[in-house]
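Engineer: I have a structure I would like to understand better, so I am pasting it below and will then ask my questions one at a time.
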Amino acid sequence: MADIIDGKAVAEDVVSRVKSLAAELKAKNGVVPGLAVVIVGEDPASQVYVSSKGKKAKECGFHSVQHTLPAETTERDLLKLIDELNSDDAIHGILVQLPLPKHIDSGRIIQAISPEKDVDGFHFVNVGKLGTGELETAFVPCTPAGSMLLIERVRGKDLSGLNAVVVGRSNIVGKPMANLLLAANCTVTIAHSRTKDLPALCRTADILVAAVGRPEMIKGDWVNPGATVIDVGINRVPAPEKGEGKGKLVGDVAFDEAAKNAGAITPVPGGVGPMTIALLMANTVVSAYLRAGLARPTF
Ligand SMILES: NC(=O)C1=CN([C@@H]2O[C@H](COP(=O)(O)OP(=O)(O)OC[C@H]3O[C@@H](n4cnc5c(N)ncnc54)[C@H](OP(=O)(O)O)[C@@H]3O)[C@@H](O)[C@H]2O)C=CC1
Ligand SMILES: Nc1nc(=O)c2c([nH]1)NC[C@@H]1CN(c3ccc(C(=O)N[C@@H](CCC(=O)O)C(=O)O)cc3)C=[N+]21
């Protein structure tokens with residue numbers, strides 16, 4: 001049976017380091033890290049994530065602001081808010097919750113965020129830095145960065161020669177994940193909806209990352225014995241066994257089957273999700289350190 005990677009516990013370690021870094025920055029430099037989270041519209045799932053980000057930011061001792069805008073907000077008004085946040089010295093990190101309503105071009109919004117405050121790591125400048133290995137000044141997207149910390153706990157920092165398969169090629173998860181694994185010296189394959197014989201490809205993986213958005217798609221016999229399995233998927237599915245109308249969260253990996261083969265595996269919930277929030281806090285405190293002209297803290 002696989003070791004279960006406790007993402008919640010690792011996330012707490014990250015958050016406790018963020019707290020002490022924030023306290024030190026305040027004591028020595030009089031600077032309080034500031035995080036602004038912007039949400040447009042009232043998608044209940046997004047509301048939950050946004051409020052947990054705000055709560056965590058306060059727990060870290062940050063200045064935390066949330067802008068909740070109505071669904072009919074224009075692109076122009078949202079750009080104006082981003083402009084204000086870009087020039088606000090109390091704010092070191094800006095996160096615009098995705099997805100945005102259809103009448104807003106999310107690409108334009110992301111590129112309007114100052115790269116120095118882009119704690120999501122979605123701006124072209126940060127994508128380019130990750131792609132070219134300028135990791136000293138880059139912001140790396142929170143979910144892949146958090147997944148890497150989990151992989152390091154199992155395999156160490158140098159992953160030389162290991163075969164990594166990333167299923168999913170989104171800009172938010174799959175592509176940055178593949179770049180991080182490459183930077184750590186893995187041999188990386190990115191799979192997607194046009195990939196031929198996905199089960200056989202997955203079986204070649206020492207490190208298997210699933211970021212697809214399809215509940216329990218990756219089966220147990222696709223997992224190489226001893227592999228490290230990182231399940232990024234968050235899928236809400238019906239759970240009639242818990243009562244009528246109830247639901248539960250499952251990942252992209254069929255956990256019980258996969259755990260029989262894997263060496264280590266992340267659960268859903270309690271795996272990558274908590275790491276995403278922790279890395280958002282880490283990126284924000286890093287931004288405040290860089291802004292103050294200090295050395296970049298490591299995690
Ligand atoms: N834990 C966390 O903090 C986070 C979790 N998530 C979760 O991770 C999952 C992925 O998110 P995201 O990357 O944004 O999703 P996207 O929908 O943007 O990307 C999904 C990817 O999966 C690929 N795919 C779809 N179907 C198949 C298939 N049958 N076989 C192989 N590949 C397939 C798609 O391929 P193609 O490109 O060819 O269409 C695409 O590249 C979701 O469940 C999401 O909720 C996301 C962000 C954060
Ligand atoms: N600009 C932007 N940046 C994001 O990082 C971003 C986003 N938009 N839009 C939505 C996705 C999704 N996402 C998650 C964060 C935390 C959990 C998380 O904490 N999950 C808990 C469970 C939470 C629950 O019970 O619902 C867990 O897996 O244990 C999940 C998903 C960030 N995203």
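Note: Cβ is positioned from N, Cα and C throughout, glycine not excepted.
All annotation found in TrEMBL is predicted automatically rather than curated by experts.
So TrEMBL says this about it:
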type    : residues                       : note
DOMAIN  : 5-120                          : domain 'Tetrahydrofolate dehydrogenase/cyclohydrolase catalytic'
DOMAIN  : 141-288                        : domain 'Tetrahydrofolate dehydrogenase/cyclohydrolase NAD(P)-binding'
BINDING : Gly168, Arg169, Ser170, Ile234 : NADP(+) binding site
Engineer: I need the most crowded of these binding-site residues: Gly168, Arg169, Ser170, Ile234. Count other C-beta atoms within 10 angstroms of each C-beta and give me the top one.
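Structural biologist: The residue with the most neighbouring Cβ atoms within 10 Å is Gly168.
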Engineer: Are any of the binding-site residues Gly168, Arg169, Ser170 near ligand 2, with a Cβ under 6 Å from it, and if so which?
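Structural biologist: Among the binding-site residues listed, not one has its Cβ under 6 Å from ligand 2.
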Engineer: For the NADP(+) site as recorded (Gly168, Arg169, Ser170, Ile234), determine the largest distance between any two Cα atoms, in Å, rounded to the nearest integer.
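Structural biologist: Taking every pair among Gly168, Arg169, Ser170, Ile234, the longest Cα gap is 16 Å.
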